[in-house]
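Features of the protein shown, as given by TrEMBL:
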ACT_SITE  LYS11  active site
ACT_SITE  ASP141  active site
BINDING   PRO99, VAL100, ALA101, ALA102, GLY103, LEU104, ALA105, GLY106, GLY107, SER108, SER109  ATP binding site
DOMAIN    67-149  domain 'GHMP kinase N-terminal'
DOMAIN    219-292  domain 'GHMP kinase C-terminal'
Amino acid sequence: MRSYSLIAPAKINLYLEIIGDRPDGYHELSMVLQSIDLGDRVEIRANGTEDFRIHCQHPEVPCDRTNLAYRAAELLKTNYPEAFEQYGGADIFIDKQIPVAAGLAGGSSNAAAVLVGLEMLWDLGLTQPELHDLASQLGSDIPFCITGGTALATGRGNELEPLPDLEGLYVILAKYRSLGVSTAWAYQTYRQQFGSSYVRESPDLAARQKRVHSGPIVKAIALRDEMKVVECLHNDLEKVVLPEYPQVLKLRQTFEQCDVLGTLMSGSGPTVFALTDSREKAEQIRAQVQNTLGNPDLNFWIAKFINTGIQLAPGVH
Ligand code: C5P
């Protein structure tokens, strides 16, 4: 039986601005997304049956139809019934390294890996735009998870423009193990609190989007001016998540007091990250934050920026 083993990287948001409401009920966003080398391994193995089966040891990851990775497989089956007929189902093994419900797109990246892996397993020969379109149907950040690197994401978060690679930056991620934030809750709460200031008219929306394309963070990335990039870190969702979760606020403040280049909550949280220019520095900051907060529920990861999305795992095939 054929199989593919893939690396599915996490992402962080270097910038997240909520611009307004969209007719489809989602929010119009402007984001800068960055892949990091903290990743899950996802193996897709043809199983000669008519089923997809998810295998994952992580207690918080469902192995049923509610898993986005399962829904990715079902979506391909629905769209390419002849291929499913010919090749059959697959076992999907997820070795989870990315924390769950953390604002790091772990579930989305797994689903992206299933799309890429099944596409190869079933010899579909899809173009990048075709794959992108399927990914958009599953979730707003799944197209980015496929291509990865550094990108400007607009629309629902699924319209991507690649940006020059940011190299040489390291990230320390910290998350309370027992804390998870629902993305839907974060956006809904933001709408309740700030909806009155949303941009609604389409000329205004277009002007706002244009401003983002030539905005300071995009310029700083184009110039590969990492020090300027870190000055532009911003996440609108902090305005609703930090007041609701005092622990996360404290974590964010603790990082701010350390000698880091910058710090921010990623996506809808509750992961907070800080940037440094070396792994040694990142290790020092980790020790400092761990000592200051002294909470055994707090987990840390150190990763570096990478310029890839879903990749074949090295040395497996
Ligand atoms: O697209 P995805 O399923 O990842 O989004 C999760 C939830 O986040 C959506 O159900 C929606 O409530 C919210 N969201 C939003 N606007 C976006 C992206 C996500 O309101 N652009």
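The backbone N, Cα and C atoms fix where each Cβ goes, glycine too.
Taking the mean position of the Cβ atoms of PRO99, VAL100, ALA101, ALA102, GLY103, LEU104, ALA105, GLY106, GLY107, SER108, SER109 as the ATP site, the remaining residues of that chain whose Cβ falls within 8 Å of it are ALA10, ILE98. When the CA atoms are compared, the binding-site residues lying within 10 A of ASP141 (active site) are SER109, out of the candidates PRO99, ALA101, GLY103, SER109.
Among the binding-site residues PRO99, ALA101, GLY103, ALA105, GLY107, SER109, the ones whose Cα sits within 10 Å of the Cα of LYS11 (active site) are GLY103, ALA105, SER109. Mapped onto three states, the DSSP output places LYS11 (active site) in strand. For the binding-site residues listed here (ALA101, ALA105), the lowest count of other CB atoms within 10 A around the CB belongs to ALA101. Averaged across the domain 'GHMP kinase C-terminal' (219-292), pLDDT for the predicted model comes to 97. Per DSSP, the secondary structure of the domain 'GHMP kinase N-terminal' (67-149) breaks down as 52 helix, 6 strand, 25 coil. Counting residues per DSSP class in helix, strand and coil order gives 42 helix, 11 strand, 21 coil for the domain 'GHMP kinase C-terminal' (219-292).
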